[in-house]
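Visitor: This is the feature table in TrEMBL:
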type: TRANSMEM; residues: C:6-30; note: transmembrane segment
type: TRANSMEM; residues: C:37-56; note: transmembrane segment
type: TRANSMEM; residues: C:68-87; note: transmembrane segment
type: TRANSMEM; residues: C:99-119; note: transmembrane segment
type: TRANSMEM; residues: C:139-163; note: transmembrane segment
type: TRANSMEM; residues: C:192-213; note: transmembrane segment
type: TRANSMEM; residues: C:225-251; note: transmembrane segment
type: TRANSMEM; residues: C:263-281; note: transmembrane segment
């Protein structure tokens, strides 16, 4: 892979997905900047989550292509895409409710071969790595608690730790600030900045505009299943098409 | 208080080790203090149930996929062994392993069809498998003996009946030990972690890089193989096979009932359930004969377990013990996220384990793989 | 090679059988639509209704068709009660699997109670018109089969009109298609789901009476029905009523035609072959809409 290619991050060409008669993604051609914090915004029903689900393999697009760092990931199963270095969180936050916090993280660890598959799941270095992430999230004291007993905010942090455990280069966050108190939003923003500084790329779907504008380097606006504007936050904020899409003008 | 909990954990481990050794001692000495061979046959029947429900629990317990048709694999193991002995003239135990290997091979396409889509289709396929095999084995009388049954020659012709029972008691015990060991190894392995993640949230597990379909298929084949071994051993012991009993929905449902009653998340859950239900079955057979009321009781018990203690006896009892001894573990529950989730799901019973999305008219994912 | 008239007769018989399959499969589809429940006890209730018809005929001497006046409302009420009192209490996260076990346990209880009350003996209703048959275009068709088909067709038509024309039907369809949206429209989806369940069970009452007219019944007969019925709803695409009806007709006819060359039991394997083929090649079923894709 040439140096030039490796600068390219997640990109799609003509990505289309219809559900019954409703076109959720309409030939969306878009690319995101590698190494940056990207944001994907748009009114409800504009296709953001469908876009997430298509590029992570949860949904197979009807047509179009998705590539990551030059590699075709269109229609690949989700675990392959995860192993290609793309991690994601879910809207409304999903953890494994009846597993302990530590085990929630160990699911994300990658076994190498058959022997590693059958070896004990609590390998020392993996456990240490998991504890490291828990400490960073500030929930290390909950290591042995079942995930379902955590508070909403703690579950959000746990989900993020779980995604990080699989060591992705690109992290897709679906509404990280949804249902979270302001103090925790600040905390999540700090974490995103730190992790970005450590070299991880982010793509964030979010409705909280303050968060989007303060956090992101590059913003893409979706309307009716396709991008209508993109650029740095300052430009997007004053773009008429964006205002139109949001206000329904 | 980390020190206190450490001591507690250590004493718990000793307690468990002690219980395990006591259990092994009882199991090994059982044949030497039974009053008559009849009690030994009850012991064998219970061990057979225990192997079957432990085998079922490889799929049911780890992945949460409920198979009502595991009786089919037991029946195939039994008939496979019987037919390989009678038609191919293989030695008894070679036939047993060959039959189990054949069942493992057959389980691959069955699993392929059953596991591609989630949930309901799996149950439907599992039931259909039993029904179709019953039809085939009844109709294909020239090969299987049909409704007249199939007589399997005994592996040790010169042996007295009591001795014969004793040998099979230990064979079943050994098979149970192997099945439990395999379950334990998977339970604590990376592979088992992935399987349990599938049970909790299959999409999420896949998004974290777990090849869920392969995992499910592998554990399904393992489960079918152990079930076939149990069925084959039963065939060699009992010596007479009838398709109606071998391919019955009921035998599969007993496996589910036992595992569920004991607790599917626990290594010894199915064994415990097998002891309770198996003993009840054998006892009532003697006391009341073969009446249709068996079905009623099995049905009621299954219904009660499903409604009131879907996690089984073991968690119910340990929960009780924990409450009595109040270990002083403080609750970490600040906001009850679990309740939040339950509320959310109650609002949307339509899509229980699905993401609810604002901009996606259809939350379902495409069938894949 | 069977004669043309024999083939024609088989086709007619296949259609008649397919009608009954279609009605019962519609019931299963309803449960699945409103609750995502695979109702294993459906065919056990079918046999229960058949026994009730047989029993009423033997004890009271009434025509089996009259028992519908009792069994249909009774089964409707039982269906509503089952949904309200049992199924809604299961954890939503494990509903699909646990409801299978729950309805399975109900099937066992019904089979056991039938065996206890009426023994395992095979039973059959003898009516004045049992042996009558009609002949058209060289095919001999028993009158009772025509009556059974007429009942199934009438019930299906009634169900169709109820779903398409009535306010209740509208609410039911809305609940099936998008529960949250239905709630936003002010529909009490829990109550509607209960009624949907009752309606599903009512199809078993009609089907059971139709079955009793020309079939020998015994307690464990329901296993011979649940397999084909479940194959039909998978082949048709889980949740699709027209899909289930078409699959029912097609498979019923295939079964009937195969019986010309094969034994009855071998002919029945067509359902399972179709089931496995569907899941291996097109898991969402032939007419599967959005519901089918995940289940």
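Cβ coordinates are placed from backbone N, Cα and C, and glycine is handled just like the others.
The model shown is predicted, which means the values in this text are computed figures rather than measured ones.
Just tell me what is around each of these and how deep it sits.
Guide: Residues of the same chain lying 6 or more positions beyond the ends of the transmembrane segment (C:68-87) and with a Cβ under 8 Å from any Cβ of it are 34-35, 37, 45, 49, 52-53, 95, 99, 102, 106, 190, 193-202, 204-206, 208-209.
Counting only same-chain residues 6+ beyond the ends of the transmembrane segment (C:192-213), those with a CB under 8 A from a CB of the stretch are 20, 23-24, 26-28, 30-31, 33-35, 39, 42-43, 45-54, 64-65, 67-68, 71-72, 74-80, 82-84, 87, 125, 127, 144-145, 147-149, 151-152, 155, 159, 162, 168, 171-172, 175-176, 182.
For the transmembrane segment (C:225-251), the list of distant contacts is 14-15, 18-19, 21-22, 24-26, 28-30, 32-33, 38, 40, 42-44, 46-47, 107, 156, 163, 176, 268, 270-272, 274-275, 278-279, 284-289, 291-292, 295: same-chain residues at least six beyond its ends, Cβ to Cβ under 8 Å.
Outside the transmembrane segment (C:263-281), and at least 6 residues removed from its termini, the chain residues within Cβ reach (under 8 Å) are 224, 227-228, 230-232, 234-235, 247, 251, 254-256.
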Visitor: Are the transmembrane segment (C:6-30) and the transmembrane segment (C:139-163) close enough to be called in contact, which here means at least 3 C-beta pairs under 8 A that are separated by 6 or more residues?
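Guide: In this chain the transmembrane segment (C:6-30) contacts the transmembrane segment (C:139-163) - 3 or more Cβ pairs sit under 8 Å.
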